[in-house]
Amino acid sequence: MTTPLANDRLLRALLREPVDRTPIWIMRQAGRYLPEYRATRSKAGSFLDLCKTPELACEVTLQPLRRFPLDAAILFSDILTVPDAMGLGLYFESGEGPCFRDPVRSLAAIERLPIPDPEQELRYVMDAVRLIRRELDGSVPLIGFSGSPWTLATYMVEGAGSRDFPETKRLLYGEPQAMHALLQKVATAVTTYLNAQIRAGAQAVMIFDTWGGSLTPRLYREFSLAYMQRIVAELDREHDGRRVPVVLFTKGGGAWLEWQADAGADALGLDWTIELGEAAARVGDRVALQGNLDPAVLYASDEVVRTEARRVLDGFDRSTGHVFNLGHGIHPGIDPDRVATLVETVHAYRAT
Ligand code: CP3
């Protein structure tokens, strides 16, 4: 278990330690843009079968690393496995995204929600983490993850993905104490889940707050950031003698970076709506930054990919504390050859 890492650039950059070059990984790096992913998925049956079969989750986790010299693997799973384990009944309607059979809309339903035991109801995730670590054999670090309590709550209350979050906002504004009860419970479940991933072998963890940007500044602090802060404070930040860095990512949260930088995480994920240099100036030396190429750049030519990737790299004017990534997940229609060009460009880059 204690094989030293051959490539620890990601962990070093997240902790703002010196690196020989900027590390890169890609949100949703295992996914439908890869033909080998589509093949494994059709063999498995459904996306959820893929998540719930550790051997297959391990296989698709490793697929992008066989193609590209990425500096990290990310566990193949989904943020919605936690509410599924809380009994909501996750399923994916083809072409419609995720749905829950039993959404949670009342204080009584919230109070009935169990906190899942990660080594029982979510054992398939922990088994996948252990298997991936074994297969990686110390080549690159493995990133674990969870959704933020707020983002998970939007799916749990709506019962599906949403653009306007009508039921969630009704609960938040109408019965704020019920919303807090839900977020408390989910935060406890997430803390337990992430600590179990760390024990199983995750070497960095990321919290995805995909829908934090739908809140007002005041409500973001009270209903999203406060719970992420609590989770970060309760994580086991060291394993096998090495610090386990934590990354917070609020999509659409660029206006609130100073608050995020004070939440106790090691790094912040950025979407593409803010310049890296401006973000760095605002957070100072409190955190490292991860991001933030517009994923849609990958629809353009190799030449544009190179130019735009260098523009992102040029924007970060410090020697360490940057992990290159997209500002959100890679789109399913992207040609893998553009990704090869992107990884090559980031690795070849030297700040002048
Ligand atoms: O980054 C990675 O490679 C790790 C795997 C990963 C997935 N989902 C796989 C996935 C991660 C980190 C997630 C997180 C996730 N899941 C988030 C937060 C990050 C983000 O993208 O904002 C959210 C909001 C979800 C919920 C979810 N899962 C949605 C809305 C969907 C449908 C979207 C779509 O593209 O169809 C999923 C399904 C999902 N999760 C897929 C993958 C590869 C597509 C499944 C498939 O059809 O094969």
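Positions of Cβ are set from backbone N, Cα and C atoms, glycine also.
Values in this document were obtained by computation on a predicted structure and should not be read as measured data.
For the domain 'Uroporphyrinogen decarboxylase (URO-D)' (23-32), the mean pLDDT of the prediction comes to 98. The domain 'Uroporphyrinogen decarboxylase (URO-D)' annotation in TrEMBL covers 23-32 (among others).
Under the heading substrate binding site, TrEMBL lists Arg28, Gln29, Ala30, Gly31, Arg32, Asp78, Tyr155, Thr210, His328. If you take the C-beta of Asp78 (site 'Transition state stabilizer') and look for same-chain residues 6 or more apart in sequence within under 8 angstroms, you find Phe47, Cys51, Pro98.
For Asp78, the entry in TrEMBL reads site 'Transition state stabilizer'.
Summarising the annotation, TrEMBL assigns domain 'Uroporphyrinogen decarboxylase (URO-D)' to 143-159 (among others).
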Q: Sort out for me which one of Arg28, Arg32, His328 has the most neighbouring CB atoms within 10 A, since those are the binding-site residues we care about.
A: His328
Q. Out of Arg28, Ala30, Tyr155, which binding-site residues lie by ligand 1, with a C-beta less than 6 Å from some atom of it?
A. Arg28, Ala30
Q | Residues near Tyr155 (substrate binding site) in space but at least six apart in sequence (CB under 8 A) | A | Leu80, Pro83, Pro98, Phe100, Gly147, Gly161
Q. Which bits of the chain, at least 6 residues beyond where the domain 'Uroporphyrinogen decarboxylase (URO-D)' (143-159) starts or stops, bring a Cβ under 8 A of a Cβ in it?
A. 10, 25, 72-75, 77, 79-80, 82-83, 86, 88, 98-100, 102-105, 129, 165-168, 171, 179, 182-183, 186-187, 190, 193-194, 197-198, 202-212, 214-215, 223-224, 227-228, 231, 250
